[in-house]
Amino acid sequence: MAAFLLPITFFSKTYSYSFAETTMMIAFPVFVLLILLQIYRFPSRIAKIIPSAQSFLLAGFFLVMQFIAMFLSYQHSGDSIQTTGIIRSMIFLAGWIVTVYMSWALIVLTVTNHKEERLFIKSGLISLLIYMGIVLVPQLLVTLNNFSIRPYVNAIARLFERHWMGRDFYAAGSYAVNNYRLNGFEPEAAFLANLLGVVYLPIILGIAITKQNFWHFKKHVALEKWFNWAFIGSILMFLVLARTTTGLITLVVAAVLWFLWSKRDDKIILIIFGIMAIVGIALGYFFVQPIHDIFYNFLFNKQGTSNRLGGTIALVLTFLSHPLFGVGYGFTGYFIMDYVPKSTTYNPEFQQVYRHIGYPVLSDGIGWFATYGLVIMIPALWMLARLIIRSLVVQHELKIRQPENWQWHLGTQISFMIMIILVAVSSLFVIQIFLWPYLLMFFFYRQMLINQEKELAL
């Protein structure tokens, strides 16, 4: 069953906007069936997915604090198009809590031994290769003005592409055809960059850094290394071709982390490749028009900067004015509109879109503080910090003791650390960390950490 978890999350289309996005994706009913099937097959495991009393208290505390925040915010906003209202917001939050619980339960029920751990990861990586071939490569051809491939790209987009409500990104049939940017089945290019960079890149980096025999190429040990490196290179290439600041920054940070965690001999090769890449990009910027356009239009001459700047300033002011409880889920947009500097609103996107359907959070990291307040964010960061410290301790012990499968365990912990760092970087912009693939990977790493602590008697 572990083999089905990550592949199904690629199909991210939302079939309704009335509830939390994850509950309106095809993955939701599939995962419910998987949970029920696993309970039927292994009745003894049901005890493992009953949340602890502490978990119930945390969920209750979260909902109560958010209800208080929403109630206080409603006194200011009243009924406004910029909010989702208290009742709908609570329904959405309940949906997100169900998603978190199901993600945890799926990992606990389906990833129970070393074989299933590898199966979970390998199925995800193989699915990513297929996704690249049948979704991203055709979209790349569209950006290169291959008109014959457009009907195919539009056809699969109609079936599986997730859309934003009220936006015209998909008027030509799909995001890729309309905007000449890669998005996979995600609503925008930045979210494809998040999927590739935060969910999958850390996995293959951890495997490559620890030099483990993951793919089992018989009698071809060197092929294992170069296959992993080529896999990493292809992900980095698509991060660039997504033509988004998020992708380019993720690439740079991931490359630095790869270098820092690598062994001495790999660092030499990476330095050579890095120099070649920098020279190639520099030459391409000046002499190859498509490469010039990617960096000029989506990094150096970034459009929409005024909205991002104005939205970020408004989020900071929202947090400073409501530091303890935040403003509550579904009410952030109202306060962004209240605090956004007027000098940043004189642009078509604000006047034609945000003014009518709401101002989105364009810096999720600050948005979490503005929405949930210190009363939730401090405990959340404290729990995350404890996980990071525990992971560092396990990495240290694995290097010293080198037990059975230690490279695999070390690789997963390195992947976890890389994922956390890339989430922190991406949160400066936009990232939806409560979607299925992010939660599944987080709980997978967490479960791996718990299992390794038991094996090492820590």
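Glycine residues also receive a Cβ, built from the backbone N, Cα and C atoms like all the rest.
As annotated by TrEMBL, domain 'O-antigen ligase-related' applies to 235-339. Shown for the domain 'O-antigen ligase-related' (235-339): DSSP residue counts in helix, strand and coil, namely 85 helix, 0 strand, 20 coil.
Annotation source TrEMBL lists transmembrane segment at 26-43 (among others). Long-range contacts of the transmembrane segment (26-43) within the same chain: residues 1, 4-5, 8-9, 11-13, 15, 49, 102, 105-106, 109-110, 436, each at least 6 residues beyond the stretch ends and with a Cβ under 8 Å from a Cβ of the stretch.
Residues or ranges marked as transmembrane segment by TrEMBL: 55-74 (among others).
Positions annotated as transmembrane segment by TrEMBL: 86-107 (among others).
Sequence annotations record features per position, and here TrEMBL assigns transmembrane segment to 119-141 (among others).
Residues annotated as transmembrane segment in TrEMBL: 189-209 (among others).
Counting residues 6+ beyond its ends, the transmembrane segment (229-261) has Cβ neighbours under 8 Å at 125, 129, 132, 136, 140, 143, 180-183, 188-190, 192-194, 196-198, 200-201, 204-205, 208-209, 267, 270-271, 274, 294-295, 297-299, 302, 414, 418, 421-422, 425-426, 429-430 in the same chain. For 229-261 (among others), the entry in TrEMBL reads transmembrane segment.
Residues annotated as transmembrane segment in TrEMBL: 267-288 (among others).
Long-range contacts of the transmembrane segment (309-337) within the same chain, counting only residues at least 6 positions beyond its ends with a Cβ under 8 Å from a Cβ of the stretch, are 65-74, 76-77, 80, 82-86, 88-89, 92-93, 343-345, 350, 354, 358-363, 366-367, 369-376. For 309-337 (among others), the entry in TrEMBL reads transmembrane segment.
Sequence-distant contacts of the transmembrane segment (366-389), counting only residues of its own chain at least 6 positions beyond either end whose CB sits under 8 Å from a CB of the stretch, comprise 58, 62, 65-66, 69, 312, 315-316, 318-319, 322-329, 331-332, 335, 417, 420, 427, 446, 449. For 366-389 (among others), the entry in TrEMBL reads transmembrane segment.
Annotation source TrEMBL lists transmembrane segment at 410-439 (among others).
Looking at 55-74, 86-107, 189-209, 267-288, the range that has the most CB pairs within less than 8 A of the transmembrane segment (119-141) turns out to be 189-209. If one looks beyond the transmembrane segment (189-209) by at least 6 residues along the same chain, the residues whose Cβ comes under 8 Å of a Cβ in the stretch are 121, 124-125, 128, 175, 179, 181-183, 225, 228-229, 231-232, 235-236, 238-239, 242-247, 250-251, 254, 257-258, 261-263, 266, 410-416, 418-419, 422-423, 426, 429-432, 437-438, 441.
Proximity of distant same-chain residues to the transmembrane segment (55-74), defined by a Cβ-Cβ separation under 8 Å and at least 6 residues beyond the stretch ends, is recorded for 83, 85-86, 89-90, 93-94, 97, 322, 325-331, 334-335, 372-373, 375-376, 379.
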